[in-house]
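Quick look at what TrEMBL annotates:
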{"type": "BINDING", "residues": "85, 125, 130-136, 158-161, 166, 189, 242-243", "note": "ATP binding site"}
{"type": "DOMAIN", "residues": "89-272", "note": "domain 'ATP-grasp'"}
Ligand code: ADP
Ligand code: MG
């Protein structure tokens, strides 16, 4: 006997998401092996094993060849749809799920035609490979901006949405088709990259049922198993889907501190066929992403901070870790925010102010 559950979960990709899946699976007795797609020697899998991915797309390598040809690759066909924004948006349209108005940038499309179809502020997004705001280009009529070379056919154009705020829903679907949800998360993006999240928030409760119905429709349509994230724009009491991630998601990292079953554990349970139950959520939770910042041991001295450091080399704009807080009471939230603020680079001032404005009544605008 190995002491482990009788199947190994292989993760295509060895970044932080794979590591956090492994971390969450340890107490369940599930062995998780995240695999670097560029590793020289591909792994040998058992028929009984299961494969998942921490990224939407991957190049052909000896490792990805072996993993992607395994019979138990959860949701494998769905990855190709999501990895191409054109196919992803087409699927949302087909299912009647509200999304930002959009079109493919066709070979003969001009800027004028796109402005005519979508309005004077349009965001071009590369069909493939973009993340953290990369692979995007604003077309603004007033600035006479132009479509970059080689973006025709390789990008979609989306109407620039003047949203009130951005929210996301983390959903889970088990192998019996039962769906489970975490409460909606409020997200702050700065320069296209997620910097902070909060969940739950009372004022988002009225949107919960609508959001769950939208994501259920999508997960059921593709018979999804595991965790899926739905990023939305909140505009005038409506939700427009921005994009879908077929995996654990940065806006669900708070569940590590705020739920008895984190999004990582939910995903492991579902894809390996272990029993799944409704996760319960405690306290008010918030997460601060560490972006391009050096590791600082002082973060550990902040009351209630839960650090996840990804052990990657630090580069500007790169997500290198996050800190979760699970708190009750405004006073405790305020103390934590005031302690952490001077330990973060100056650009976090805006992030902390946003957290204060959302979480502390005296900072709330009327
Ligand atoms: P990524 O894969 O980089 O997360 P997204 O499509 O989510 O790509 O875009 C990143 C961010 O850019 C969003 O979270 C949002 O802040 C902004 N954004 C994306 N699409 C639009 C849009 N149509 N209108 C306005 N802002 C947008
Ligand atoms: Mg996004």
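For all residues, glycine too, the Cβ spot is worked out from N, Cα and C.
All annotation found in TrEMBL is predicted automatically rather than curated by experts.
Here the features listed in TrEMBL are painted onto the structure.
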residue : record           : CB count, 10 Å
85      : ATP binding site : 21
131     : ATP binding site : 12
134     : ATP binding site : 12
158     : ATP binding site : 22
161     : ATP binding site : 17
242     : ATP binding site : 18
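Proximity of the binding-site residues (85, 131, 158, 242) to ligand 1: a Cβ under 6 Å from the molecule is found for 131, 158, 242. Within the model, the domain 'ATP-grasp' (89-272) carries an average pLDDT of 97. DSSP assigns residue 242 (ATP binding site) to a strand segment in the three-state reduction.
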